[in-house]
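Database features, via Swiss-Prot:
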type     : residues   : note
ACT_SITE : S155       : active site, nucleophile
ACT_SITE : D320       : active site
ACT_SITE : H353       : active site
BINDING  : R225, D354 : substrate binding site
DOMAIN   : 49-357     : domain 'AB hydrolase-1'
SITE     : R322       : site 'Important for acyl-CoA specificity'
Amino acid sequence: MTFASDSVGLVEARRADFDTPLALASGTVLDRYSLCYETYGELNPEANNAILICHALSGHHHVAGRYCEDDKQAGWWDNMVGPGKPIDTARFFVVGVNNLGGCHGSTGPSSVNPATGRPWGSAFPLVTVPDWVESQARLADLLGIRRWAAVIGGSLGGMQALEWSMRFPERVANALVIASAPKLSAQNIAFNDVARQAILTDPEFHGGDFYAHGVVPRRGLRLARMLGHITYLSDDGMGAKFGRLLRSGDYQYGFDVEFEIESYLRYQGDKFSGLFDANTYLLMTKALDYFDPAKAFDGDLVAALARVRANFLIAAFTSDWRFAPDRSREIVKALVAAGKRVSYGEIESTHGHDAFLMTDSPYVALMRAYLNRVAEELAA
């Protein structure tokens with residue numbers, strides 16, 4: 001297989017093992033853990049051209065490239081990462097990591113608990129965005145990266161980029177926060193709870209210890225994903241793609257799949273339930289719920305951002321109702337009030353929340369322009 005000139009080509013996942021205990025926000029301590037990660041491009045001698053990509057709820061470390069020549073699925077942000085792409089691997093050293101609690105190689109509920117010899121399951125502790133950032137900082141130390149040229153993330157990944165700028169202000173030159181929010185709204189917490197209930201009430205869940213029973217709570221995962229997927233799309237986007245199209249010529253007057261949108265959602269749910277871990281889904285949604293950096297400052301986001309040193313790009317999409325532009329503007333206003341440097345882009349799109357994964361021309365142009373400036377400043 002011949003790869004396009006702007007592809008990172010064949011890649012391989014790596015694993016970093018840590019035996020220094022990690023104290024979590026919940027009060028639990030992980031004595032040892034592993035992080036699965038990938039890198040693209042080359043770290044320069046000054047070690048100042050590194051970019052960290054933080055993934056969203058269902059993401060992972062495989063950001064770009066393919067694992068073998070006949071691999072049909074490129075990394076989840078392959079359209080944005082590669083030579084000559086906005087996140088240009090000819091100029092930057094790019095790192096993608098699967099977060100703690102994940103199900104793609106990093107230590108999580110499906111990993112073996114060394115204390116028992118069995119999967120962690122329900123015993124795996126809740127993890128938070130600050131916990132992830134602490135573990136990512138240890139990975140950065142291992143890779144010889146003292147300061148990121150940029151930390152970039154969309155949705156839950158954007159929360160991590162924001163947390164990086166606050167927790168390690170001296171280690172982040174730029175933070176790109178895309179389609180995100182400074183905390184979840186009550187409606188978003190409600191969506192997450194309904195999704196969790198779908199999993200928790202699945203008879204095959206077994207209190208989180210389904211591994212020992214040789215089953216998977218597919219029904220719950222399927223419903224959780226179907227609900228989530230609706231919130232990632234826009235009404236206009238769904239209408240344009242599916243409308244009221246029927247799979248057959250007319251109504252069947254039953255409860256089987258009739259509309260194309262029903263078929264699409266069930267396909268997405270079926271696919272996801274075969275790839276993702278139910279306990280990880282619960283952990284990721286709780287990490288979303290708990291993220292609220294202003295909480296420690298009596299709800300004052302300006303005060304929470306007072307120590308940041310990074311320059312910011314905040315980006316939002318007009319049709320995103322899960323993380324609406326108003327939520328991004330909250331971050332912008334707080335940064336301005338705190339006297340920080342921030343650029344804001346609001347992109348016209350019909351793709352809803354998922355637009356941050358797409359290649360709408362204004363979005364690509366915004367990312368390219370901002371990161372070109374970052375690269376030029378490094379070269380100066």
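Residue numbers in this text run from 1 along the chain shown.
Positions of Cβ are set from backbone N, Cα and C atoms, glycine also.
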Conformational class of S155 (active site, nucleophile) under the three-state DSSP mapping: coil
For H353 (active site), nearby residues of its own chain (Cβ under 8 Å, 6 or more apart in sequence): S155, A179, T231, Y232, L233, F317, D320, W321, R322, F323
Sequence-distant neighbours of D354 (substrate binding site) in its chain (C-beta under 8 A, six or more apart): Y232, L233
Residues satisfying Cβ distance under 8 Å from R225 (substrate binding site), sequence separation of at least 6: Q268, G269, F272, S273, F276
Cβ packing number for D320 (active site), 10 Å threshold: 27
Sparsest Cβ surroundings (other CB atoms within 10 Å) among the recorded positions S155, R322: R322
R322 (site 'Important for acyl-CoA specificity') - helix vs strand vs coil (DSSP): coil
Averaged pLDDT score, the domain 'AB hydrolase-1' (49-357): 98
